[in-house]
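Colleague: Pulled these features from Swiss-Prot for this protein:
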- C41, H66, E159: Zn(2+) binding site (BINDING)
- G183, A184, G185, P186, V187, G188: NAD(+) binding site (BINDING)
Amino acid sequence: MTANPSLVLNKIDDISFETYDAPEISEPTDVLVQVKKTGICGSDIHFYAHGRIGNFVLTKPMVLGHESAGTVVQVGKGVTSLKVGDNVAIEPGIPSRFSDEYKSGHYNLCPHMAFAATPNSKEGEPNPPGTLCKYFKSPEDFLVKLPDHVSLELGALVEPLSVGVHASKLGSVAFGDYVAVFGAGPVGLLAAAVAKTFGAKGVIVVDIFDNKLKMAKDIGAATHTFNSKTGGSEELIKAFGGNVPNVVLECTGAEPCIKLGVDAIAPGGRFVQVGNAAGPVSFPITVFAMKELTLFGSFRYGFNDYKTAVGIFDTNYQNGRENAPIDFEQLITHRYKFKDAIEAYDLVRAGKGAVKCLIDGPE
């Protein structure tokens, strides 16, 4: 059997390097990918620090990682769209093909979803494998080939970019819209970038940290920024050049941001809740009703969101990074070898200035 070095979360505060047998092709449409780049997600840190996110509770060891890209090293006999040597972005959640959610086009809501590095609560069943390993097996249709001018590093950003794609699609972001994005972490910055590529006339990013707001401007994701410590909805609209946002993408889950978003949004606007809260939050339901707003919950990503995300990178970088409208690569602030992966997790957990941290796959 081929060895498969992996990074494993055993329990809270306990990460170790382990070696398992590599997965093998078992279905005609299976593809074996050698993982090359993996990003650290906030959910990884929640499991590392707290052992749970909502109803997902860590009860047994779990291979970490779900933001990954790699190179195809083996394909099943029925695979037609990929070949050995292709670079791919890995979509890490596999639904049941028989679920009503899958059949209705909402496979991200499938109750039987096997999502990489997310605990399986079923007794006696292993956790779905994460992608922070050397080899990862996936169905062909949950891999998206990367164009030649889209790097493997960008491939690892496809997963969080797809979260932004899903949010903008739910909010029907289109030409002429004025979009307010709350939160300038990786998801918020990428959501802002997506809104801009979808044709929004203005995108204002809201946060309480000036260095994060500067990043939003520096990478080209925001036309305007606003530090919410400096005022409320009137000040936000003033900072937006007098434009009232008709779409809000709320990426923090923080109660003050939700309230400010509802206060600032135009009557009849579209409010997309992307961020999760640690616990219950109060919601300004009266203002929401009187403005006749439409609320969307946004969870991960769905059909064609990955392809859309890869398409955004394809178009953005078709003339090289120096001519790219949005400098997504600037979001990658830290890079680590696989042998130093635990150090990378500790850095991100400590909140020491990392925007997006990437880890190389095992050699």
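The backbone N, Cα and C atoms fix where each Cβ goes, and this holds for glycine too.
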Colleague: Ten-angstrom check, please: count other Cβ atoms within 10 Å of the Cβ of P186 (NAD(+) binding site), all chains counted.
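Modeller: Other Cβ atoms found within 10 Å: 26.
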Colleague: Could you state the CA-to-CA distance between H66 (Zn(2+) binding site) and A184 (NAD(+) binding site) to the nearest Å?
Modeller: 21
Colleague: Within 10 angstroms of the C-beta of C41 (Zn(2+) binding site), what count of other C-beta atoms is obtained when all protein chains are considered?
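Modeller: Other Cβ atoms within 10 Å of C41 (Zn(2+) binding site): 23.
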Colleague: Would you kindly give the Cα-Cα distance separating C41 (Zn(2+) binding site) and G185 (NAD(+) binding site), rounded to the nearest Å?
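Modeller: Between the Cα atoms of G185 (NAD(+) binding site) and C41 (Zn(2+) binding site), the distance comes to 11 Å.
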Colleague: In terms of Cα spacing, which of the binding-site residues G183, A184, P186, G188 are within 10 angstroms of C41 (Zn(2+) binding site)?
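Modeller: Close binding-site residues: P186.
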Colleague: For the binding-site residues listed here (A184, V187), which one has the lowest count of neighbouring CB atoms within 10 Å of its own CB?
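Modeller: Among the binding-site residues A184, V187, the lowest count of other Cβ atoms within 10 Å belongs to V187.
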Colleague: Of all the binding-site residues here, G183, G185, G188, which one's CB has the most other CB atoms within 10 A?
Modeller: G188
Colleague: If you draw a 10 Å sphere on the Cβ of E159 (Zn(2+) binding site), how many other Cβ atoms land inside?
Modeller: 28
Colleague: Do me a favour and check the Cα-Cα span between G183 (NAD(+) binding site) and E159 (Zn(2+) binding site); whole Å is fine.
Modeller: 18
